[in-house]
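For reference, TrEMBL has these:
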type	residues	note
SIGNAL	1-20	signal peptide
REGION	22-45	region 'Disordered'
COMPBIAS	28-45	compositional bias 'Acidic residues'
DOMAIN	30-156	domain 'Thioredoxin'
DISULFID	CYS75-CYS78	disulfide bond
DOMAIN	350-480	domain 'Thioredoxin'
DISULFID	CYS402-CYS405	disulfide bond
REGION	476-508	region 'Disordered'
Amino acid sequence: MDGQLLPVLLLLLGASGLWGRGPGPEGALEEPPEEEPPEEEPPEEDGILVLSRQTLGLALREHPALLVEFYAPWCGHCKALAPEYSKAAALLATESAKVRLAKVDGPAEPELAEEFAVTEYPTLKFFRDGNHTHPEEYTGPWEAEGIAEWLRRRVGPSATRLEDEEGARALIDARDVVVIGFFQDLQDKDVATFLALAQDALDVSFGLTNQPQLFQKFGLTKDTVVLFKKYDEGRADFPVDEELGLDQGDLSRFLLTHSMHLVTEFNSQTLAPHRELLAGFREAAPGFRGQVLFVVVDVGANNDHVLQYFGLKAEEAPTLRFINTETTKKYMPADRGPVTATSVAAFCHAVLGGEVKPYHLSQEVPPDWDQRPVKTLVGKNFEQVAFDETKNVFIKFYAPWCTHCKEMAPAWEALAEKYRDHEDIVIAELDATANELEALPVHGFPTLKYFPAGPGRKVIEYKGTRDLETFSKFLDSGGELPAEEPTEVPGAPFPEMPENTTEPKDEL
């Protein structure tokens, strides 16, 4: 009998009251249905539920808020996340928060990985109220407290309800940046917009009030979002448009702009001889609020990596450099005049107005650049080598401080040694922090690109596993790989950054 019809047949028999009490159509007694095996409880590791296809449903029913990490045992980023993930689970457990953390071995559970469109590891998804079909993508930080706070703001209020001046003052005094929404009607749709933004702005504390005495205390007569800060002007107001309401995008940009210091120092101290320069820098900054972020770097405070990034030497200071953080294009003043409020403002206006062309870093070509199995490329010999129509060129773009680049270095050396006698194959590397290519910007490390022989300047980005065997398959197939399991992606969480930077991943 077709197994798919069995439940229907059993249902009809049960409804007619004939269950197991008489002969069936062929004169035989019908057997009772096999009972479904009881659902097994998922095991735990370090406070994390370990889920499979069989246990996911039970976990969703038992835990109305569930964060699930899809990981791969071989994934370096997953291994780096593991202790932070466990710490986050422990933090929430001590608070008796109604949320659990879980994990799924993606390669071992391919059906689940496919069902939830997991294409890279780690991938985290948040399930609420047992909803199996529409989990929320995790968008928070990758360290324990950040993970915990992201979840707190989803299972609890994302803003503190303020009833009196004492509560408001306590909230304002507790953090450097605090945002309070003053709304006369807490059921208004603008409040929902405000709370939705508060869910993800984890580095800022949020408050909410409808109390008339607090409107009066802070000099407000209509709905307004106020940012309080312990620096610069101390406060910035964002009135709610009475006709259009509160736009989340506009509010987000306002909060981002006004939570930044007018001038950010790259270190904790500013050398005394430079205070006069800093005064001029500060004087120019307010005119570019929301357009330019001003940063001061002390070249004498172990910031060599910053100097290298801009192609500078310490003796060139004081000087100015401008960077577009989206395109990574860099600009320098046309002359080395004094740094004053006037010269700083003029330089910014010139860059923003398109009057200054960007510059590109390049080291000198080493005399022995082609003597090792791995060829050394710089900006000045890149075009000649990469687009040689007689060669298939495989290039690693790296940063000297990048841990992932160091980890894959032995495999890259082994690859070059393996193909050193192949006249048509070149294995090379380029320090992308010291050499910039206008046509091929590099944003994450390591980045691997393949330049096949022939006309057309074709470029193929390598996205496979970083080991000798897979590299070899890629080269032997002319720049193609068979479909395989999802792989780590350059620029995924947890790369190591140079000291004193605030970037969250291996990016420029």
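Glycine is no exception: its Cβ is also placed from the backbone N, Cα and C atoms.
Overlay of TrEMBL feature records on the structure.
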{"residue": "CYS75", "record": "disulfide bond", "Cβ within 10 Å": "20"}
{"residue": "CYS78", "record": "disulfide bond", "Cβ within 10 Å": "24"}
{"residue": "CYS402", "record": "disulfide bond", "Cβ within 10 Å": "21"}
{"residue": "CYS405", "record": "disulfide bond", "Cβ within 10 Å": "24"}
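The two recorded residues CYS75 (disulfide bond) and CYS405 (disulfide bond) have their Cα atoms spaced 15 Å from each other.
Spacing of CYS405 (disulfide bond) relative to CYS78 (disulfide bond) is 17 Å (Cα to Cα, whole number). Between CYS402 (disulfide bond) and CYS78 (disulfide bond), the C-alpha separation comes to 17 Å. If you take every residue in the domain 'Thioredoxin' (350-480) and average the pLDDT, you get 92.
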